[in-house]
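The transmembrane segment annotation in TrEMBL covers 26-46, 66-84, 153-179, 258-276, 283-299. What TrEMBL lists as domain 'ABC transmembrane type-1' is 27-315. The domain 'ABC transporter' feature in TrEMBL is assigned to 348-588.
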Amino acid sequence: MPELKKTASYAWWGIKLMYRANPRRAIFVLSVRLMESTLGPLLVWLSAMVIDGLIRDYSAFSERGLFFWMVVLFVILTILVEVLEPIVEMNKKLLTVQIQKHIDELLMEKANEFEDIAPFDDQNFYNKIKVIRHNDYVTELWLDMTSNTFGGLVQIIGGTILIWTVFPLAPVLFVIMALPRVFAEAKLNNVTFEGRAEVQELRRRSEYYMSIPLSHELANEVKMYGLTSFFKKKYKDASHELIKMLSGDQRKWTLHNMGWGIAEAAVSGMVLLLIVSQASSGGIAVGALLLFIGALYQLREGINELFAVFAIGAREMVNLRNMAEFLSFQSPKTSGSLPVPARIHQGFVLEQVKFSYKGQREILNIDHLMLPHGKVTVLVGDNGAGKSTLVKLLLRMLHADSGSIYYNGMPLEAYDMDAFRSNATAVFQDFVRYEATMNTNIAVGDMEHYKDMDAVMRSAVLGGADGIAAKLPQGYETELGRFFGGTPLSGGQWQRVAMARAYMRDQSAQVLVFDEPTSALDPYMEHEVMRRLKQLGQNKTVVIISHRLSTARLADHIVLLQEGNVLETGDHLTLMKRGGVYAELYDMQASKYQEAGHNQ
Ligand SMILES: Nc1ncnc2c1ncn2[C@@H]1O[C@H](COP(=O)(O)OP(=O)(O)OP(=O)(O)O)[C@@H](O)[C@H]1O
């Protein structure tokens with residue numbers, strides 16, 4: 001029962017969504033559909049009245065009496081609905097697009113509401129949204145389902161009232177028949193089709209395997225290692241499993257529906273027999289018999305319509321549920337109200353900070369760490385040591401499970417989040433390659449100066465991207481990336497563009513975070529980046545992640561992370577003198593460079 005209540009609330013939520021997408025259009029479509037449904041019972045009633053009237057008094061009809069006008073009314077109504085039908089169809093199509101647009105906007109707004117990136121890390125949660133987004137047909141189906149629900153209800157009510165006038169017991173019989181079916185159906189809905197997590201999981205898997213051989217980004221590897229048949233096999237296995245599951249469900253459904261269909265038909269047949277036998281003994285008028293047969297048809301059609309909605313609804317309700325859950329999800333609000341001071345005296349201080357990704361092992365466990373202001377700090381350490389996770393905590397993309405992070409002596413949560421983020425700039429390891437012009441790719445780094453071409457060009461110089469722009473066919477106005485047929489860039493060139501983007505805020509931001517900014521750059525450029533950051537770092541908190549210790553040695557402060565713990569801190573000379581892990585790693589890298597130098 002609570003499940004039924006939940007489903008009803010999701011359905012209601014869906015109706016409200018349609019209304020909000022375009023109130024006038026939604027009301028128009030639903031009202032015409034209602035009118036169409038009323039026409040069925042009305043037709044039955046009118047026909048019965050006309051026939052009874054004709055039998056009783058033919059002259060009243062031929063003299064254009066009440067019955068004549070009833071026929072005229074019926075013809076007018078039929079024409080009206082016929083004329084309205086294509087208009088409704090058109091409005092339904094447009095409403096579908098508007099609902100989809102409305103949903104897209106809601107999804108974007110919701111994603112923006114999340115203060116941190118944790119919800120995006122939840123595979124199930126986010127993937128579900130992606131699936132909904134790709135199921136455009138669902139919106140149209142919803143619309144049909146909603147209008148059919150109303151239509152079905154009207155037919156049932158109309159049919160019931162009509163039957164009542166002839167055989168009062170019949171509707172009670174049908175209601176008694178329908179009740180167990182409703183419960184059985186609701187129960188079945190929860191255990192079949194898309195309502196099951198396994199079905200959703202298999203769907204996502206098969207979609208993922210299918211996308212690999214078709215993806216542009218993956219084409220190199222797929223061709224290189226000849227992976228198409230490998231992933232095709234995985235796709236086939238997942239799809240096979242999915243089809244097996246769905247056909248089992250389908251069989252259950254068919255048997256279930258057949259059983260109820262036979263029972264209902266038997267009851268209808270018996271009631272009909274009863275009525276016909278009464279009619280043949282003169283107990284019921286011909287018009288009333290016609291009314292009964294027509295009403296019975298209406299009632300059954302209404303019930304079937306409603307159950308069809310129920311059946312499809314159960315399968316598609318999962319989309320509605322996913323969306324409703326996503327949109328009603330409240331991510332924790334941690335933003336404070338403190339503005340970021342114009343002058344910073346102390347950088348980041350971490351005390352007893354522990355962090356693990358949702359339900360997984362501990363990634364960071366830091367007792368005490370200082371990342372000073374006015375200095376360049378480089379984080380070094382093995383792959384998976386937790387460096388990127390640490391900078392995401394500093395930028396409030398993630399929240400520590402316990403412990404505190406202070407900036408300028410105040411806990412991060414005390415600051416107004418937007419103000420704090422505006423006070424920072426970053427190049428992430430997985431920086432974005434926007435399919436847009438070079439200008440846009442850089443300008444989005446500071447939306448306040450989005451149109452400031454001088455700022456864009458100055459940032460391009462700082463990021464080492466000015467040379468790239470100079471060689472592009474339309475300079476800064478050249479579209480980058482392949483998606484819309486623009487100019488593709490190399491990995492290192494994209495990295496320079498991403499750095500230029502970060503430099504858009506170099507004057508306003510006091511926190512600069514660069515996660516492996518030089519991984520795809522040549523050594524000259526790498527040295528240049530470090531030199532610039534050192535210049536900038538004099539009145540900022542600069543944190544860089546790097547695997548190249550030749551870069552790290554230029555920093556004011558080095559932090560070596562190992563398995564989420566701070567192992568060593570200090571400047572290059574201090575750490576070398578100490579002769580610990582950093583010194584060992586540095587010597588190892590240096591000897592490799594020397595070897596390479598000798599071999600050349
Ligand atoms: N979104 C995530 N969900 C769950 N685990 C994650 C997530 N991101 C990273 N991890 C795990 O956290 C650990 C630390 O990852 P992180 O990216 O912080 O390491 P890193 O030191 O930056 O590594 P690298 O030098 O390879 O970039 C890894 O073991 C990784 O598997």
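Placed from the backbone N, Cα and C atoms, the Cβ positions cover glycine too.
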Per the Cβ filter (under 8 Å) with a sequence gap of at least 6 from its ends, the transmembrane segment (283-299) is approached by 40-41, 43-45, 47-49, 51-53, 55, 155-156, 158-160, 162-163, 165-167, 170-171, 174, 268, 271-272, 275-276
Reported mean pLDDT - the domain 'ABC transporter' (348-588) = 91
Other parts of the chain folded back onto the transmembrane segment (26-46), taken as Cβ under 8 Å at six or more residues beyond its ends | 18-19, 70-71, 73-74, 77-78, 80-81, 84-85, 87-88, 91-92, 95, 143, 146-148, 150-152, 154-155, 158-159, 161-162, 290-291, 294-295, 297-298, 301-302
